[in-house]
Amino acid sequence: MSAKAEKKPASKAPAEKKPAAKKTSTSTDGKKRSKARKETYSSYIYKVLKQTHPDTGISQKSMSILNSFVNDIFERIATEASKLAAYNKKSTISAREIQTAVRLILPGELAKHAVSEGTRAVTKYSSSTQA
């Protein structure tokens, strides 16, 4: 036999299995465990999409990308606001720290619009809780 006939095609090693999230299964006492909930911004992203483009849909992949984007921006703003509070020797993150963090993280015109929308949202929330 030749050397080529003896060789087997290279096979891929099986991927390691990762522990899965809680699945619905019966435990020792017969009760079903519910699946672990994963919090996303999907419903909010969808509502905004329908406000701006009522006849447009969105794929799961696109929704996943937007969800990752929102989580990333949220984390950046929270981290920056935390640093600002620490610099000023405060243990509480206020609207002022969030606003400053947004100005530092987002570029130019985008920061201005974000600050104005944020201020408007806080004002609307404050007036609704007082009434």
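Glycine is no exception: its Cβ is also placed from the backbone N, Cα and C atoms.
Annotation comment: Swiss-Prot describes 1-38 as region 'Disordered'.
The compositional bias 'Basic and acidic residues' annotation in Swiss-Prot covers 1-19.
Summarising the annotation, Swiss-Prot assigns N6-acetyllysine to K7 (among others).
Residues or ranges marked as SUMO cross-link in Swiss-Prot: K7 (among others).
The N6-acetyllysine annotation in Swiss-Prot covers K8 (among others), and the record cites experimental evidence as its basis.
Summarising the annotation, Swiss-Prot assigns SUMO cross-link to K8 (among others).
The annotation phosphoserine is assigned in Swiss-Prot to S11.
Annotation source Swiss-Prot lists N6-acetyllysine at K12 (among others).
The N6-acetyllysine annotation in Swiss-Prot covers K17 (among others).
Sequence annotations record features per position, and here Swiss-Prot assigns SUMO cross-link to K17 (among others) based on a curator's inference.
Per Swiss-Prot, N6-acetyllysine is recorded for K18 (among others), and the stated evidence type is experimental evidence.
Per Swiss-Prot, the feature SUMO cross-link maps to K18 (among others); the stated evidence is a curator's inference.
Look at Swiss-Prot and you will find K22 tagged as N6-butyryllysine.
The N6-acetyllysine feature in Swiss-Prot is assigned to K23 (among others); the stated evidence is experimental evidence.
As annotated by Swiss-Prot, N6-methyllysine applies to K23, with the evidence given as experimental evidence.
Within 10 Å of the Cβ of K35 (N6-succinyllysine) there are 12 other Cβ atoms, across all protein chains. Annotation source Swiss-Prot lists N6-succinyllysine at K35 (among others).
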Return the residues near K47 (N6-succinyllysine) by Cβ distance under 8 Å, restricted to its own chain and a separation of at least 6 in sequence. none
